[in-house]
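Feature list (source: TrEMBL):
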BINDING   Glu19, Leu20, Leu21, Trp22, Arg23, Asp24, Phe25, Phe26  FAD binding site
DOMAIN    18-108  domain 'Cryptochrome/DNA photolyase FAD-binding'
Amino acid sequence: GRYEDERVANKSTYWVVFELLWRDFFKFFAAKHGTKIFMIDGTSPQHKKRWGYDPKQFAAWKEGRTGYPLVDANMRELAATGFMSNRGRQNVCSFFTIDMNTDWRRGA
């Protein structure tokens, strides 16, 4: 980038630019696709998948009792401290939507 060429490039400036590009990509993607990005099929209408929901499974996830140590540790940390790392949020959300096949809005 110009700033880096004129001044200094380092690991910090790389990640700032990277995160700004990531932000802008999703901003334009959302502008193009609207609310479709929040649906189970995303922007591709070719799949006809439906969300499932199991109240017992949901409770186990919420309480950190899924049987998956990484998921459970993150959920217990959240319950105990009110905090979860960004990577932890990514992991438990992925588990929630993909492995549990549950609409992400239920866990939001």
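Any Cβ shown, glycine's included, is placed from N, Cα and C.
Shown on the structure are the features that TrEMBL records.
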residue: Glu19; record: FAD binding site; Cβ neighbours (10 Å): 10
residue: Leu20; record: FAD binding site; Cβ neighbours (10 Å): 11
residue: Leu21; record: FAD binding site; Cβ neighbours (10 Å): 10
residue: Trp22; record: FAD binding site; Cβ neighbours (10 Å): 10
residue: Arg23; record: FAD binding site; Cβ neighbours (10 Å): 10
residue: Asp24; record: FAD binding site; Cβ neighbours (10 Å): 10
residue: Phe25; record: FAD binding site; Cβ neighbours (10 Å): 10
residue: Phe26; record: FAD binding site; Cβ neighbours (10 Å): 11
Inside 8 A of the center formed by the CB atoms of Glu19, Leu20, Leu21, Trp22, Arg23, Asp24, Phe25, Phe26, which other residues of the chain have their CB, for the recorded FAD site?
Phe18, Lys27
Averaged over the whole of the domain 'Cryptochrome/DNA photolyase FAD-binding' (18-108), what is the pLDDT?
94
Residues of the domain 'Cryptochrome/DNA photolyase FAD-binding' (18-108) by DSSP state, where helix covers H, G and I:
61 helix, 2 strand, 28 coil
